[in-house]
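Read through the structure below, which is laid out as structure tokens, and then see the notes.
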Amino acid sequence: MALDPAKQKAIDMALAQIEKQFGKGSIMRLGEQMSRLNVEVIPTGSVALDVALGVGGLPRGRITEIYGPESSGKTTVALHVIAEAQKMGGVAAFVDAEHALDPVYAQALGVDIDNLLVSQPDTGEQALEITETLVRSGAVDVVVVDSVAALVPKAEIEGEMGDSFVGLQARLMSQALRKLTGAISKSKAVVIFINQIREKVGVMFGNPETTPGGRALKFYSSVRLEVRKTETLKSGQEVVGSRTRVKVVKNKVAPPFKQAEFDILYGQGISKEGSLIDIGTELNPPVIVKSGAWYSYGDLRIGQGKDNARDWLRQHPEVAAEIEQKIKERLNVASLPVKYADEEAGDADV
């Protein structure tokens, strides 16, 4: 629709004044550059989770919260995102507020620990200041904060053990996120906050679980992932890993409430080969054919039982890469097979 020439001239002058005062790109027409509407992502290292997210990974320029019970795989998922970013030539930082990062495990997951920036801050304020500085540099692609529960305000650290500091951490997070959100959007960084789970006292109905740090992170996060261990994986009598379910509780860049399941193997992290087998057999027609206990790819019989098929793919990375490429070529991310989780009323309260 053509605007009145006088009105168009007034708008152009206003846009020019805004750009002169605040910089180029501070205001634009939404459809001016279609490329801006495409969501840039960093893969998670799990094909199944990339599918559930709907866009192929975690969106750049956005905040992601990963939460769940202890030892459910939260840090493992975050470390895989770091590894994927580094493979793409990106720079990653890990703000270790829990002082619990294991460099040997990180390296086993594919993280280049020689080039990983690590900080172990003393206070919550220090951790969030470091995060802001890294984001504003514009040179860091992924920043992981582990964890929100460990971001202890300076006043609490300097106070006595029995002192009460109600709402102090929530106010700290709220203030920090107000400052961070604009900088994150401009820098195109993926900022991941790992969080724990607490239980609200006296809840009779609904979900009693909540996450520490107040409500601000829930609002500012574009993606929220709930990570839970569903079963233990065994090889004979030996425990070798766990089956993990990740539910996309909130998603501002694609439809939410999808879920992904994958194997986390001890000492190896997310089994990419296992995810390929899961998705490859679910496609119609399947990329990987399951006949009885045997798995086949084309004319190749890749193993009897999932464990053997997974080991075979690990030993033949060129075939695994070919299968992954076929899956990506066959279907767009949005149309890949995903399982929808039940939309429970209690999810909004976590």
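Placement of Cβ uses the backbone N, Cα and C atoms for every residue, glycine included.
Around the Cβ of Thr75 (ATP binding site), a 10 Å sphere holds 25 further Cβ atoms from the protein chains shown. Positions annotated as ATP binding site by Swiss-Prot: Gly68, Pro69, Glu70, Ser71, Ser72, Gly73, Lys74, Thr75.
Listed in chain order, the residues near the ATP site other than Gly68, Pro69, Glu70, Ser71, Ser72, Gly73, Lys74, Thr75 are Val227, Arg228, Lys229, each with its Cβ within 8 Å of the site Cβ centroid. Sequence-distant neighbours of Lys74 (ATP binding site) (same chain, six or more apart, CB under 8 Å from its CB) are Ile66, Tyr67, Gly68, Ser147, Ile194, Asn195, Val227, listed in sequence order.
Fewest other C-beta atoms within 10 angstroms, among the binding-site residues Ser71, Ser72, are seen around Ser71. The Cβ neighbour count for Gly73 (ATP binding site), using a 10 Å radius over every protein chain in view, is 24. Neighbour counts of Cβ atoms within 10 Å were taken for the binding-site residues Gly68, Pro69; the minimum is at Pro69.
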